[in-house]
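Participant: Here TrEMBL flags His109, Asp142, Asp205 as Mn(2+) 2 binding site. The feature active site, proton acceptor is assigned by TrEMBL to Glu176. Summarising the annotation, TrEMBL assigns domain 'Peptidase M20 dimerisation' to 218-376. Annotated site 'Important for catalytic activity' per TrEMBL: His238, in sequence order.
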Amino acid sequence: MFSPSPPPSGLLERVFQFIDLHQNEFVQILKEWVAVESDSVQPVPHLRQELFRMMALAADKLRCLGASVDSVDTGFQQLPDGQTLPIPPIILAELGNDPKKPTVCFYGHLDVQPARQEDGWLTDPYTLTEVDGKLYGRGATDNKGPVLAWINAVSAFRALEEDLPVNIKFIIEGMEEAGSVALEELVRKEKDRFFSSVDYVVISDNLWINQGKPALTYGTRGNSYFRVEVKCRDQDFHSGTFGGILHEPMADLVALLGSLVDSSGHILIPGIYDQVAPLTEEERKMYKAIDLDLEEYRHSSHVKKFLFDTKEEILMHLWRYPSLSIHGIEGASDEPGAKTVIPGRVIGKFSIRLVPHMNTSVVEQQVKQHLEHIFSKRNSSNQMTVSMTLGLQPWMANIKDNQYVAAKRAIETVFGTEPDMTRDGSTIPIARIFQDIIQKSVMMLPLGAVDDGEHSQNEKINRWNYIEGSKLFAAFFLEMAKLHL
């Protein structure tokens with residue numbers, strides 16, 4: 001896909017050859033893992049059993065590599081309807097404890113989003129199916145493929161009876177798609193035990209920005225999620241009987257939501273941009289260097305026109321500036337037909353994607369003050385309440401850290417090109433959790449292509465990405481060892 005890099009020599013060449021020779025075996029193991037319906041989103045007992053089976057499979061696989069494995073019991077999940085379900089164990093595994101080597105901890109998850117063939121899948125989502133080099137199946141790219149790629153890299157050194165260049169730890173969970181229940185608590189508890197010797201954390205749970213060029217990710221946006229309720233009374237009204245003599249909750253809510261953002265995407269809440277980190281010249285150059293075909297991106301997104309015309313502006317507004325999105329209205333009539341009610345109580349839902357150096361508590365205050373000001377100008381007799389139901393801070397890494405240097409070199413070795421240095425417009429809370437609690441360098445090293453369709457119908461990982469990704473992790477181990485000398 002790129003100009004070939006110089007062929008690797010010695011140990012790395014043997015590792016690459018081993019991975020190439022055993023690629024069908026690696027695809028077969030991915031097939032076995034995809035076959036487990038490890039859906040954590042639907043709170044159903046038989047799916048929880050599948051999750052436990054998935055975690056046991058992974059623990060066995062790691063033990064076969066010689067890892068010491070602890071499957072940590074994390075108790076029960078209390079559901080809103082009163083039922084409780086067991087939380088699948090979190091795997092803590094360890095390979096090597098040589099004090100002269102760096103210790104790299106890999107985070108991954110083995111639970112998946114729900115999938116049914118009748119929802120538009122071309123094949124059974126739980127039967128890994130290869131078509132034109134694409135491996136289709138739920139969890140193929142998110143996140144079973146990348147977890148196995150790391151294991152494949154380790155297994156290559158083991159099979160060749162070569163010493164691992166780095167000490168390796170694994171933390172693998174089964175509840176990421178359901179909010180990583182119990183994970184943060186475990187990380188806090190293990191901070192001075194399991195994580196005490198960890199130097200670096202690697203996460204491979206996002207995608208490249210295009211189909212063929214690898215990426216390294218060094219930041220994600222945070223997220224503040226809000227609900228604004230306007231209430232006159234609990235019951236709805238008949239618009240023929242009450243229309244014209246009420247402050248209608250829906251009219252109030254539409255005015256409130258309409259005051260949040262303008263037609264160019266600019267957020268209208270006073271002070272919201274005050275804490276946004278200023279754009280530096282060095283950062284501007286990084287956006288310029290990213291390989292993105294804007295026309296192809298627009299076409300593949302099925303969008304007629306974006307708000308901005310240049311690659312740099314698009315990327316900056318996706319990654320380094322905040323955005324506000326309105327998600328929906330509870331209590332409104334959303335079914336077909338002409339229903340002539342006036343809703344007595346409505347709730348608007350919106351969120352703000354946060355960037356450095358915005359702070360969730362400051363944003364919460366700014367949002368509440370703004371909406372209270374707009375509401376007061378309407379002189380409405382209705383009641384308005386605003387609540388922030390989720391507050392997740394943005395995450396940023398230092399791209400000069402050793403592991404970013406090592407990953408760049410490994411990418412150049414395997415793919416023959418420098419990576420795109422990217423940020424992610426979405427929120428991946430685990431990166432911030434690791435950074436805040438264990439205070440070590442965190443890096444996101446994606447393997448999947450932009451069109452992998454994580455969470456969507458026909459999710460896939462390309463065989464090329466899966467196998468070359470396994471080589472990438474192996475090369476990364478060696479580069480980390482070199483930098484640690």
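Here the Cβ of each residue, glycine as well, is placed from N, Cα and C on the backbone.
Just so you know, TrEMBL annotations are computer predictions that nobody has curated.
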Participant: Measuring Cα to Cα, tell me the gap between Glu176 (active site, proton acceptor) and His109 (Mn(2+) 2 binding site) in whole angstrom.
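Facilitator: So the Cα of His109 (Mn(2+) 2 binding site) lies 6 Å away from that of Glu176 (active site, proton acceptor).
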Participant: Enumerate the residues of the same chain, His109, Asp142, Asp205 excluded, that satisfy the criterion Cβ within 8 A of the mean position of the Cβ atoms of the recorded Mn(2+) 2 site; list them in sequence order.
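Facilitator: The answer, listed by sequence position, is Gly108, Asn143, Pro146, Glu176, Glu177, Glu454.
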Participant: Looking only at C-alpha atoms, tell me how far Asp205 (Mn(2+) 2 binding site) is from His238 (site 'Important for catalytic activity'), rounded to the nearest Å.
Facilitator: 50
Participant: Please identify which of His109, His238 has the densest Cβ environment, defined as other Cβ atoms within 10 Å, among these recorded positions.
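Facilitator: Its Cβ has the most other Cβ atoms within 10 Å: His109.
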Participant: Please report the Cα separation of His109 (Mn(2+) 2 binding site) and His238 (site 'Important for catalytic activity') in Å, rounded to an integer.
Facilitator: 50
Participant: Could you state the whole-number distance in Å separating the C-alpha atoms of His238 (site 'Important for catalytic activity') and Asp142 (Mn(2+) 2 binding site)?
Facilitator: 48
Participant: What count of other C-beta atoms do you get within 10 angstroms of the C-beta of Asp142 (Mn(2+) 2 binding site), across all chains shown?
Facilitator: 25
Participant: Mean pLDDT over the domain 'Peptidase M20 dimerisation' (218-376): what is the value?
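Facilitator: The predicted confidence over the domain 'Peptidase M20 dimerisation' (218-376), as a mean pLDDT, is 95.
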